[in-house]
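So the structure is just underneath, and the comments pick up after that.
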Amino acid sequence: MNQIDYLRISLIDKCNFRCQYCMPEEAELDYLLSQELLTNQEITTLLKNIFIPLGFTKFRLTGGEPLLRPGLVDLVKEIADLPQTQDLSMTTNGFLLAKQAKALYDAGLNRLNISLDSLNPETFDRIIGNRGRSRWQQTWQGIQTAYQVGFNPLKLNVVVIPGVNETEILDLAALTIERNWHVRFIEFMPIGNPELFGDRAWIDSAELRTQIGNRYGLESGAVTGNGPADVFQIPGAKGTLGFISQMSECFCDRCNRVRLSADGWLRPCLLNETGQIDLKTALRNRISDREIRQQVQQLLHLKSEINFKQRDSGTNKGIYTRTMSQIGG
Ligand SMILES: Nc1nc2c(ncn2[C@@H]2O[C@H](COP(=O)(O)OP(=O)(O)OP(=O)(O)O)[C@@H](O)[C@H]2O)c(=O)[nH]1
Ligand SMILES: C[S@@+](CC[C@H](N)C(=O)[O-])C[C@H]1O[C@@H](n2cnc3c(N)ncnc32)[C@H](O)[C@@H]1O
Ligand code: SF4
Ligand code: SF4
C-alpha cells in the first residue's frame, strides 16, 4: 500500500471566480457559514495532534479560492514552522496573488500551482465568468509576481475544454520554452458542470502530447511534486509540461493523499464520500486526540479499498454532485 502522507486542506468553499467547469454562474450553490469553517487554530491542532503523528508531512492549501481566507499568511507561517512539514504548497486562481505573494513566500509557502486556462483575455473571462470586468491582466500579474518573489517550481494548471481553449494548447505549451514554469494540462472531469461536460468534454492527454510533439518535440522531464502529473519537456525548454489524465488513465494505484474539507470532513478520495469522518465535530466535542487518531488511522487502512472499489459510488449516472470547489479540488 502507498504511504498516505499528503493532506489537501480546503480553506474556504467560496471563490471570486465562477469557472464554467467548476462553479458555473447559473449553478445554485450552498455556501458554508463562517462558524462552520475550521478555524486556523483547529487546522493547526489537527495537523499537530492527528496528522503529523500519523506520518503526514506534505500539505496543500486549496479551496474554493484560498487567497480569500482571512488570516491566511498567519496560517501558512504556523504550518511552515512545524518541524515535520516537508512541503507546503497552495493551489490558487492567482487573481489576488500580486498583493499577497511576497508575504506568503516570506511566511514559508514552498510552492504555488496557479490556474490559467487561456492566454486570450476574452476566452479567459468567458471561462471564469467575469461578470463584466476583465480579470486576465490581474491574474497574469499575479503569476509574474509569484515567480519574481521566488516561487519555484511555479506550476500553471490548464483544464482543457473542447471548443473553448483547445486551440491554445501550443501557445500555452510554448510558455515553458523561455520561462522556468511548469504548464500542466488537466483532463476535464465530470464534476461541477454536467452540461459543459456533454458527450465528450475531455481531450485525451495522449492527443495533446502528439500535437505538442509534432510541433516542438517532446521528451521526459522531471519536476518536484506529489501529484498525478506525467512530466515531459520540449527539448531545450526551461520549464516542463505535465499531463494530468484522470479520465484516460487511472492513477489511483499511486494515490498518496486525503482531503480535509473547509468544514472539517476528512475525505479519503476525491471522487466519493465513502467513509468520511467529521473531524470538526470531534474536535469541538472534545473527543480525545487518541480516539480521533484511531478513527483517522482506520480510514487510512480502508483507503485503498475505497479508491479502487468505490471510485464511482459518489456519482449519479456518472456525474458527481459536489463541485471541486466544495470538495477542495
Ligand atoms: N483524480 C484525481 N485528480 C486529482 C487529484 N489531485 C489533483 N487532481 C487533479 O490534478 C489537478 C491539479 O492539482 P493541483 O492542486 O495542482 O495539485 P497536484 O498536481 O496534485 O500537486 P503537485 O504535483 O504536488 O504540485 C486538479 O485540478 C485535479 O484535476 C486526486 O487526488 N485525484
Ligand atoms: C477547485 S480549484 C481550487 C483552487 C483554486 N481556486 C484554483 O482554481 O486553482 C483546484 C483545481 O481544480 C481544477 N478543477 C476544477 N473543476 C474541475 C473539473 N471539473 N475537472 C478538472 N479539474 C477541475 C481547477 O482547474 C484547479 O486547478
Ligand atoms: S476552479 Fe478554482 S477559481 Fe475556478 S471556480 Fe473553481 S475554485 Fe474558483
Ligand atoms: S480518484 Fe481518489 S484514489 Fe484516485 S487519485 Fe484521486 S483521490 Fe486518489
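The backbone N, Cα and C atoms fix where each Cβ goes, and this holds for glycine too.
Any TrEMBL annotation is an automated prediction that lacks curation.
What TrEMBL records for the GTP site is ARG8, THR91, LYS155, ARG257, VAL258, ARG259, and among ARG60, ARG126, ARG290 the residue it adds there is ARG60. When the binding-site residues CYS15, CYS22, THR91, SER115, CYS252 are checked against ligand 1, THR91 have a Cβ within less than 6 Å of one of its atoms. With a cut-off of 6 Å between Cβ and the nearest atom of ligand 3, the binding-site residues CYS19, CYS22, LYS155, CYS255, VAL258 reduce to CYS19, CYS22. The C-beta environment of CYS255 ([4Fe-4S] cluster 2 binding site), restricted to residues of the same chain at least 6 apart in sequence and closer than 8 Å, consists of ASN2, ILE4, CYS269, LYS303, ASN307. The Cβ of CYS15 has fewer other Cβ atoms within 10 Å than any other of the binding-site residues CYS15, CYS22. Candidate binding-site residues: CYS22, THR91, LYS155, MET189. Those with a Cβ under 6 Å from ligand 2, in sequence order, are CYS22, THR91, MET189.
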